[in-house]
Amino acid sequence: MSSCSILVNPLVQWRYSRLSECSAVLLYLALVSYFWWPSLWDGQLIIHADSAHHGLSLLQMLQQWLQGSRETLLWSSDIYGGHPLFAESQGGFLNPLNLLAALLFEPLYGVGVLHWADMLLAGYGVYALCRVIHLSPWAALFASIAVSYSTVWIAVQYNTSVAGSLVWTTWTLAAAQYWLNRPCALRAVLMAIPATLLVYSGYPHLAHGVAIYLAGQLLALLLMAEGRALLSQRFRALLLTGIGAVVLALLLSAVQLLPLVELVTQSGRNAGTAMPFAGMLSAGSYISGMLFFDWSLVPKHLIVGSQGSLLVCLLALLGVCLRMPVFIVGHAMGGFLLMNLGMEYASPLFTLAYDYHLIPGLHGYRAMHPFFLVGVVGLAVLAAHALTCLARRDWPVFGWLPRWMTGRRWVALVTVVVLVGSYGFFPEGYSRLNYAFVLVLLATVLGLALASREHLIPLAAALVILADALFVRSDLFGFHEPESVAQAGVIGAILQDPDHRLYRTATKNGAGGSHVFASPIDKDLAGKYRQYLESLSPFPGVVDGVASIDGVLALALERRTVLESHIEAELKGTSTSQPSQRVIDQLGLRYIAFQGQPAATGLGLYYEDSGSQVYRNEFALSKYRVYTSAEARKDARQVLSAMTEGDPQVLYVEASVSEPAVACRQGDSPQVQWREQSDLRYVAEINSACMGWLYVADAYYPGWQARVDGQKVDLYPAQVLGKAVRFPAGNSVVEIEYRPLSFYISAVLSGFAWLVVLAWLGFAAVTIRRRKIGDQGESCVA
């Protein structure tokens, strides 16, 4: 029997009406708009998990920079004690959707619009993918809803970095399929652009997942005879335009990619990271999360949700059991690989790939379940393929089945087996309504088949899953008034201190955990979030101009991560370091949120509200200091040991060889007059009777450099999370400046590449218009 493909043996030979296309697109628009209606209409916010203190804060920082009130996004001395904010990429500062939201709206409203736009456009990417492989509009709508309202996609909608990346994830997959259909230069460029925007969006895990998914598609071409025939016909075009697309994507994304790679080498994950929860779940738990959805949102079991729909999984399995063209097999292969990787050690395939380093980059992640975000796209494509096949009267089955096993009998058998088998994975306490929408669709399909109206099956399935999304999966988030994210009282109090810019805050009371893991519809969520804000939540404080030693990003510098255990020991009183030796003193931790009275000397209660207590450290040292004696140590850990055990009047720098400055014994102490203090530049005039060291408690990082009286000099990492430069006796001008070559060089490369691409696309558009090549006005411009 013929396959359901349109490329080798086309299934769909008719043109779908414009009404069906427009109806499908508008129905999805209405569905997503309903989900985010409280944000769009009333300006309300979601505040659960990382939504407010992460996504909203990053959007506010972006708007501050666009409006000129924030000097730069390249570096922030207020995060983690100094951090390359742009390089981290989680802000998605180059994502055009984030830029538009920051330019057009106030952040408190714009973040809601951004959530809506991300969910809408990501779903349209799935729709475009299905239409590119010529699945029907209603089957494409089914796939869009299946992906966007899957458990794992709904669960991450709070995170603008992930949600923004999902937009370009689906459009990259659609563009890749468009290129595979007919490889040429124009389509290769159109594939490179969303791949670049995916890198810009701030969640590299998804870019990695897309690469693995595409590798699965290419593997299918190699394994199937149909695919090998296609490769032999189009090998040269696939090879040349494919390599060109990869090179172009690398050039376009270099401005974000190179700084990110540099940060990884300097971060606490430079040697990889462990998976703290690996091996905790069985394969059955993951299968349960794939088949069933718990809309109470209260965890009852150790289950990681992925698809969360028996209906979608049943149709996906039917798609596998019906004859598949090579491109559908490719999507099945990509989805299969990623679903297995997401299952961690519950999957033998993951165990093999992870333990033997078969897939580069896996050891950089603490958890693998984000791969489900891409894997469910493969499941949805399979389900849409099944619906397109079922729309025929003659349902295509494999040739090896007995002749008496007709398509309808085969589909009925698979359906019964899946329904019966699924009940063994049904978690106790879950609603049996999980089966309701499956049974409704089965009854509808049976009725349509008996009435010889099979062409309506995709429409019926789309309406059923739309009802599932509308009535079960839409009212899952609690929305709150903008007042819920108002400035914390403790931040207002700190801002009254004229010297607050000389010190930092720290959040060490665990309030973030109680808020982040609360249910989105927790009645006490607003109170928990307020408690978190009053506990010196790092990013909201940074937005208001209060520096923190903490952050909520993934790639804190390694020199920052080595401090955590020391800070905890000092606050609990288990450290032997004395005042002025302690990390909390040397790094200027003046305001510290802590649960209960800290045992550390010199910390008194400063502020209390919403169940949070903030203490003031009387021994905290200023951000800017002058030393007349210094000693060299090999690395940050040796500096930390010396600093917490040695003379607090001595500066400890990281250097293999260094001549320590001799202590001044003549005249007054050095006089420092600051000309400039900013995130990118420090300039000071110093008058000293002898040479010494100027220290700034702002983390050392590649790109920072120093000059004394206009001459370039060495800049040293010092006191673990600071930097220092040696100045001579007499009058001198010391400059410390951040000039990240990784950014400037890559920005030139990417900027030039964008100019070339835009100019070439303009030329291509004019050429296509003039030549009017193809029935639909398409052309492949070499």
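Residue numbering: from 1, along the chain as shown.
Even glycines carry a Cβ here, placed using N, Cα and C.
All TrEMBL annotations are machine predictions without curation.
Keep in mind it's a predicted model, so treat the numbers as computed, not measured.
Of the given residue ranges 167-188, 277-298, TrEMBL assigns the label transmembrane segment to 277-298. In this chain, the transmembrane segment (456-472) lies out of contact with the transmembrane segment (410-426); the count of Cβ pairs under 8 Å, excluding pairs fewer than 6 apart in sequence, is fewer than 3. With a cut-off of 8 Å on Cβ pairs spaced 6 or more residues apart, the transmembrane segment (741-763) and the transmembrane segment (371-390) reach fewer than 3 such pairs and are scored as not touching. Panel annotation: around the transmembrane segment (209-225), residues 169, 172-173, 176, 180, 195, 198, 231, 326-327, 329-338, 341, 359, 370-371, 373-375, 377-378 of the same chain, lying at least six beyond its termini, place a Cβ under 8 Å from a Cβ of the stretch.
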